[in-house]
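Please read the structure below before turning to the comments.
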Amino acid sequence: MLPSPILLNCFVLRGLKRGGKRDNKKDIYIWHMPSSDPVIKENQTLCTKFSFVAFSSLGELHVPMLFVVFLAIYTFTVLGNLVIICLICVSPTLHTPMYFFLVNLSFLEMCYITSVVPQMLVHLLVEPKTMSVTCCAAQMCVFTILGLTECCLLAAMAYDRFVAICYPLHYTLLMSHWVCLQWAAASWTTGVVVESAQTTWIFTLPFCGTGQIQHFFCDIMPVVQLACVDTSHNEIVLFSVSVLFIMSPCLLILCSYARILMAILRMPSAAGRHKAFSTYSSLLLVVSLFYGTALFTYLQLKAAHTPDTDKATALKYTVVTPALNPVIYTLRNKEVKGALWRIARRYPLSQAV
């Protein structure tokens, strides 16, 4: 287990008492531990704040444009997901398991983009672009919890469509209200437990040096790279956790969609195939957008990570993907568009004003 910053201070004091040497000119501490190599050879200053190096290469002229673009996308995403949530809540025809999960997904997307974009907008306007270690840990914890919960929730949505298309006669039994609540609770519990433990473990590492994060928010790999100890074991564990908790839902989704596709192709009615494929393609598009960027980010080799590619990929899954979900579920979903049209006719804009 890697030592925490508090233990490191204790090691320094013990090292001095046991014959450790101090060089007053360079302020370097060297201590020896029985049957082990030195953990840290230099008494580097532990970071209390992180600074972000995100869009500095674009120049000052592009900053106002980036601010306007990101603010517009953020506003559209939040309002779009709020509309979907309210629409499903007030439309009795949409009170089905599929739209129950869609409400959870829309709420997740709002929180997901809110955990990153407001801080990024502030850092586009102010100097210095800093954040305390505690706030960084909180941001990483919230962001990763929401990300893993969405992985599990997308798997639940895929299973729901699998049951609806492949076993329509047993759908109300297999996807009862209680079963849907259990799926949602399991998704949230998995996200909270796994990512809270992972974030806590990451922030037991000592962070030294300048504390510059080559990113626009506290993502996992850019923060781990700032640790002033060997993090190879940590990176192996992080990779293993990513494989287990990202690939497991992904495999469930792939198996469900493969069975759905085969069932759709066997349908005798062209109208039935079109209706089933419409819902299937919408979910498949959302899953592809989310998992494509997540797998590329967290399952690639360390040597393949570069600041520019990490930032470009992160922009896709933190800004672009949440903004596309309201569009996909309204423009490509006839039931949602029908419910929206009925409410618009019942409460016209002139009457509301």
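Cβ coordinates come from backbone N, Cα and C, glycine included.
A TrEMBL annotation is a machine prediction, not a hand-curated record.
Marked as transmembrane segment by TrEMBL: 65-90, 97-117, 137-159, 171-194, 236-265, 277-299. The annotation domain 'G-protein coupled receptors family 1 profile' is assigned in TrEMBL to 80-329.
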For the transmembrane segment (236-265), find every same-chain residue at least 6 residues outside the stretch whose CB is under 8 Å from a CB in it, and list them.
148, 151-152, 154-155, 158-159, 161-162, 165-166, 190, 194, 198, 201-202, 220-221, 224, 273, 276-277, 280, 284, 287, 291, 294-295, 298-299
For the transmembrane segment (171-194), could you work out the same-chain residues 6 or more beyond its ends whose Cβ comes under 8 Å from its Cβ atoms?
97, 100-101, 104, 144-149, 152-153, 155-156, 159-160, 163-164, 241, 245
Tell me, roughly as an integer, the mean pLDDT over the domain 'G-protein coupled receptors family 1 profile' (80-329).
84
